Amino acid sequence: MEEEEIQKAVVAYLRKKGFTNTELALHEEQNRVSFSSNSDHSVSRFENGPVRYSDGYSKLRLWVYSSLDMYKHELLRVLFPVYIHCFMDLVAGGHAHEARNFFHTFREDHESMHLRDLQKLEGILSPLHLEEIELSRSFRKNKFKIKMCEYSYDLLLQYLQKTQSFTMRGVINEHIDFEVSPGQPTSSSGDADFVTIEGRNTNLARQINQKEIHWGLLEDSVEQHLKRAVSDSEKAESANKEVNPEDNKKRPLDGGKQGIPVKMVKKDKLVSMVGKNVRSETSAVSVAPRVKPELTLPATLVEVEQAILDDLRSRVQLNSLALPSISFYTFINTCNRLNCSSISQDGSLVAGGFSDSSLKVWDISKIDQLVKTSSLQGEKESAKNENLPATEEGRKPYTLFHGHSGPVYSATFSPFGEFLLSSSSDSTIRLWSTKLNTNLVCYKGHNYPVWDVQFSPVGHYFASSSHDRTARIWSMERIQPLRIMAGHLSDVDCVQWHANCNYIATGSSDKTVRLWDVQSGECVRIFIGHRSMILSLAMSPDGCYMASGDEDGTIMMWDLSSGRCVSPLVGHSSCVWTLAFSCEGTLLASGSADCTVKLWDVTASTRASRVESKSSSPNRLRLLKALPTKSTPIYTLQFSRRNLLFAAGAL
């Protein structure tokens, strides 16, 4: 009312003074302002309707598909984030019917690349579901990062300005960050990591990947001792031959009269047996630098060192022409209750974790004895044995461990098989003794189910990953974790130690792999490129490369120093549940739910990646052999120290 009174007073004053033209100009201005406010109100009312999302997206989609082929594959990357957020905005606004129509109308465009995400988002029907479903919550809290060239980015900006599409412009500004690079558009074949989801701090991944990491092997390892022994013996032999070649031929084996200590002669005997097998391996990993451990490592017993040297002496050198022998263990009659399996280094023990909270360990030697005994028994004795109770202690081929109160999701043996770790949905980790057949320690620290647990390469320390989005490092003698690694946006599904024990890698349902420093607990690398949750990890023996497998069957080889993918691989048709490098790192074995074991040539691909590092198209691992089973998914793979490949699965 005050404004109207003021306007009346102004008009009365103009009339009193005779300012007719000024009065007419004032009336025209008032009419123009009222008309513009009414039109703005109608436009805003239209813009606030659900139609603006479908109209804006359909126009953007039509423009992208009609653009030049040279830039189309880069502009297509924008459609999926815009599509997802338009759908979620409609749901959040209470337009459930319009959201369903929008979702199904344009779903077919994204099924080939994002089928699993669409299946998870399909059940969203109300704003409450947006908060309950983890994937939608992650999309709304974080931004997509899209890589494209400068010209493609300018084309997109020109389209948004020309069409005055405020809705699409708002979605893109709020939920997408662009990483613009000069030059020509990137190749469409290498579209692995060009559409990724990150936190709000978009420079975080780039800053983390610039940190220095020490990816070499441990100093004073057993293999290094063996290498020194080989070189010392070769130097001694060459020096003796140069001094007195004739006496060297007649020298007795004890060597005492030749001025060489008896210990050196014994070392020469051992080295002469192992030298040929180890020389090629040590030359392969000698390029890796030696680093000091950040953790206090346990002392290695003399008997253990001797056992390792015996294994190294019998090790078979593998390459593309010499593939490994495979020993496959099949669990039968599990009734889909087997969740995980593990095999000891020498293959003498096989463990399985079940949904009924039990953990079973089979001694392969006992199974062999039972098979031999049963084959020698006659029909009469076998008929009598049928009447004996099946739970007779002497007849059980396995040892049953009870302690968990929920399904067992992971099990792993210590490097020398004397201990066994298991993790469960009861949020605990248990340490078992395979010699005493009893539970030693129960570790509590996670708040939710523990998906994976892994011993360090030297034993004593172990790492775990959980539904609580953290990974933790433990020591056998402490019931509380030493370090807690937090930073993933979703479940941490798998964990793996680096060869030098200074780092651990974690794979998550947020489609990223992270590398953590065990001393500081900080993330030092973020590996982005997978399109589904990561289920398996493996570190190369030289500590330079890492392989990761995901739910879609994709495997990626990563360079730890740069944090970049050097060799993506699409070979399996289902989840990659396990990965393993050979002892010298020349081969990679992968096991999948598609019931196949595949062997890949690592050496050729990594060598090619160094030569063609400037090329825009990524290299591919060369498939050496595919080994299908009849109908057994592959649960675990592991190379022994002698390069025998152990595998296990369940019917």
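If you go along the chain as it appears here, the first residue is 1 and each next one adds 1.
Note: Cβ is positioned from N, Cα and C throughout, glycine not excepted.
TrEMBL annotations:
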- 48-176: domain 'TFIID subunit TAF5 NTD2' (DOMAIN)
- 228-254: compositional bias 'Basic and acidic residues' (COMPBIAS)
- 228-259: region 'Disordered' (REGION)
- 342-372: repeat 'WD' (REPEAT)
- 401-433: repeat 'WD' (REPEAT)
- 443-484: repeat 'WD' (REPEAT)
- 485-526: repeat 'WD' (REPEAT)
- 527-568: repeat 'WD' (REPEAT)
- 569-610: repeat 'WD' (REPEAT)
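The domain 'TFIID subunit TAF5 NTD2' (48-176) scores a mean pLDDT of 88 in the predicted structure. Ranked by the number of CB pairs under 8 Å to the repeat 'WD' (443-484), the listed stretches 342-372, 401-433, 527-568, 569-610 are led by 401-433.
Only residues 6 or more beyond the boundaries of the repeat 'WD' (342-372), in the same chain, are considered here, and those with a CB under 8 A from a CB of the stretch are 311, 327, 329, 331, 334, 395, 397-413, 415-417, 420, 422, 424, 426, 432, 434, 636, 638, 640-641, 644, 646, 648, 650.
Across the repeat 'WD' (443-484), the DSSP tally of helix, strand and coil residues reads 0 helix, 22 strand, 20 coil.
In the repeat 'WD' (485-526), the DSSP tally of helix, strand and coil residues is 0 helix, 24 strand, 18 coil. Residues in the repeat 'WD' (342-372) partition by DSSP class (helix H, G, I; strand E, B; coil) as 9 helix, 14 strand, 8 coil. For the repeat 'WD' (401-433), the number of residues in each DSSP class (helix H, G, I; strand E, B; coil) is 0 helix, 20 strand, 13 coil.
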